[in-house]
């Protein structure tokens, strides 16, 4: 039995008091710090790929196209297979690692899986820091991906099982908060390291991943916008420094907006945040597409970009990031970690993380090519997916706010759709543990 969680007494069940003790708080918060490694990597990769010395050393074709070749469309100047492989290789490695992590987590426990993830991530960070060839970069990224796969699979499970049910949502979102802090830290590092004169700034940026890896090892995850933010800002006319500064701004919004989710998830519920965030993100994507289409058209050629226009685009991206940070970002980890029965919880979380990493890999690998060919229509493409996702939430996700993790299955048995796949047990007829029955607020 975990401290602060579970029924009092034995036998036929009872209430779940879920006391919020200092031990529970510290344990959950320290465990959730595992998100730092995922966040730092999301933030760092886009920054270094916009640094001229990094491009010149490892991707000279992209460098010369950016500096000297004005014949390419603004949409296409970063379209390079090897460059996108540098970013996306992490996520394909995380996809496979998260599947293996299920067995490790179940056999050796959540803590050891988190520790192993931190150790492998540390190895990848060191290899990237001292890289002299692009192959070393990609191998390092693969190691980083394995570390991310283990950590992202095990951390939400650990926190969900440790947290009292009344505070499970808020404590689990600390994991997402640590991801946003990692992104913000990476954006700050990327902004200042190009000014270093005694060492290559990109080496410091990549090597900085050692810090969150070490944290998750004695103390113990919108990806397109966040890890390609500097490249995206450069593509719409910002200079290198301005692009990195804009990424710092969006990173700041990402961190601050996550606190809204921490405050509201156990007050307003999961469904409200999902749906509000979905509407906000859809509106932002459509507005961004309209603005970029208006100025850049289908050719991608623009000679003058007014400051008011550029900052309006940044503002809309920040509005999008805020909607993500208090809805789909954190809840994408919270909800899957609490809806699976104990017997398959580790395997279920592995499937969740592996699918997350698989689609993140596809987006990371294809984004720059899609931007080149779909142009401003790419943002409408993502908006269409958001519409479908929001409709799914409205009809098919029951509310789990305030429900003990052991009783979540009963909420699905009350749901208009999922009940046809659920088998009632004796506790359902008694109204659940302690005579209390939990109802879904879904339509």
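Each residue, glycine too, has its Cβ placed from N, Cα and C.
Note that the coordinates shown come from a computational prediction; the quantities given were computed from them, not determined experimentally.
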Pick from 42-68, 204-230: which range has transmembrane segment per TrEMBL?
204-230
Do the transmembrane segment (171-192) and the transmembrane segment (308-329) come close, with at least three CB pairs under 8 A (pairs 6 or more apart in sequence)?
yes
Should anything in the same chain at least six residues away from the transmembrane segment (350-370) have a Cβ under 8 Å from its Cβ atoms, list it; otherwise answer none.
78-80, 83-85, 87-88, 90-92, 94-96, 98-99, 101-102, 105, 145, 148-149, 152-153, 221, 223-224, 227-228, 231, 332, 336, 378, 381
